[in-house]
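Structure record follows, encoded as structure tokens.
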Amino acid sequence: MSQAYSSSQRVSSYRRTFGGAPSFSLGSPLSSPVFPRAGFGTKGSSSSVTSRVYQVSRTSGGAGGLGSLRASRLGSTRAPSYGAGELLDFSLADAVNQEFLATRTNEKVELQELNDRFANYIEKVRFLEQQNAALAAEVNRLKGREPTRVAELYEEEMRELRRQVEVLTNQRARVDVERDNLIDDLQRLKAKLQEEIQLREEAENNLAAFRADVDAATLARIDLERRIESLNEEIAFLKKVHEEEIRELQAQLQEQQVQVEMDMSKPDLTAALRDIRAQYETIAAKNISEAEEWYKSKVSDLTQAANKNNDALRQAKQEMMEYRHQIQSYTCEIDALKGTNDSLMRQMRELEDRFASEASGYQDNIARLEEEIRHLKDEMARHLREYQDLLNVKMALDVEIATYRKLLEGEESRINLPIQTFSALNFRETSPEQRGSEVHTKKTVMIKTIETRDGEVVSEATQQQHEVL
């Protein structure tokens, strides 16, 4: 596993040995004092100690926001070499070697801890990247499909609701027209019924008048019948009287004939009696014919009047029956029209109630869909904000990862440097004032602004600010 420095708070043994703190952070200049492992040669070999001081600074640049590391060698000091005839202080070298081994052991432990922390950090970064990818896919899915589908469903349902409203409006208009037509028919039938009632009343009045006339005609007929009976009785009485007179005349004629026979000298009375008889018979026949003619004329007049009255009565009765049938038919038709009107009014009320309930349901559905759309837009905006935050965190983590990668590469290159033998340690220590005067860090702040409206990205702007620390 690679070894790297990842914390600026740890206490290194470099402070005890070299007096400096090899600490670094993302926002401050990073320095890593590197020194080679000391080694002792033979007496005839020359040894030298080289101390190199590097300054590693992170410079953020470019559109991607990734930092680059720049390492510069501050200086190097080389210890004077000793010849073969010079003596070495082994006690000093031994002490330095022991302290160096202790320092390396502490560094290994610290690097192990840093490696564990770095592995945890990488796992966390991977987890955040997975969450970021899932959220990005969710945002893309919501942005690309759901709003348009919801809008299509909303428009389709609105079109269906409008079509149903138009159908119901047309049905209501048609029912209103039918109701108006039925009301007109009902008014016309009522007017016709009133006319028929008036005609019935007139017919009843005429019938009452006809009944009075019939009664008068009946009384007149009865009177005439009584008169006819009286006349018949009178005619019979006159016949009897006439017969009596004839018998008396015949008797008188017989007596006169006897007297004539007895008295031939008397004038002939037979011719006179015959003349008188013929005269009386003529008068009687004339009276009888006149009476019969008067009786027949009176009877015919009464019969004609009775027939006329009977015809009028029969016609009145027939008209009354027809009027009764018409009144019954009109009454049945009015009852049927009333039932039809009641059923149509009931259907119209039911249609109005159903239309009102469906309209309220459609309004509730519209409000619910609008609320769902607002909720989806708010959720989309929240996902976009989270996505933007995760994107910013990812960019910052990418910068830190790049920095750690550079640090790890630098540390590996430092560890893999060839170890030279040395006889004495001589290093160059730079003061904080000198390091401060030589170290410059360039800090780049990238501000990314995303404007959303109703859950959709309207504009996106990126701004970079450079600061030199």
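Glycine is no exception: its Cβ is also placed from the backbone N, Cα and C atoms.
Annotation source Swiss-Prot lists domain 'IF rod' at 107-415, citing sequence analysis.
Per Swiss-Prot, the feature phosphoserine maps to Ser7 (among others).
Taken from Swiss-Prot, the feature omega-N-methylarginine applies to Arg16 (among others).
Annotated phosphothreonine per Swiss-Prot: Thr17 (among others), in sequence order.
Marked as phosphoserine by Swiss-Prot on the basis of similarity to another entry: Ser28 (among others).
Positions annotated as phosphoserine by Swiss-Prot, on the basis of similarity to another entry: Ser31 (among others).
According to Swiss-Prot, the feature phosphoserine maps to Ser32 (among others).
According to Swiss-Prot, the feature omega-N-methylarginine maps to Arg37 (among others).
Residues or ranges marked as asymmetric dimethylarginine in Swiss-Prot (evidence: similarity to another entry): Arg37.
According to Swiss-Prot, the phosphoserine annotation covers Ser45 (among others).
The ADP-ribosylarginine feature in Swiss-Prot is assigned to Arg58; the stated evidence is similarity to another entry.
Residues or ranges marked as phosphoserine in Swiss-Prot (evidence: similarity to another entry): Ser60 (among others).
Residues or ranges marked as phosphoserine in Swiss-Prot: Ser68 (among others).
Per Swiss-Prot, omega-N-methylarginine is recorded for Arg70 (among others), and the stated evidence type is similarity to another entry.
Look at Swiss-Prot and you will find Thr77 (among others) tagged as phosphothreonine.
What Swiss-Prot records for Ser81 (among others) is phosphoserine.
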Any idea what the Cα distance is from Ser360 (phosphoserine) over to Ser289 (phosphoserine), rounded to a whole Å?
102
Quick one: Cα separation, Ser357 (phosphoserine) versus Ser289 (phosphoserine), in Å?
98
Looking only at residues six or more beyond either end of the region 'Linker 2' (287-294), which have a C-beta under 8 A from one in the stretch?
231, 235, 238
Looking only at C-alpha atoms, tell me how far Asp353 (site 'Stutter') is from Ser289 (phosphoserine), rounded to the nearest Å.
92
Other than its own, how many Cβ atoms are within 10 Å of the Cβ belonging to Ser360 (phosphoserine)?
10
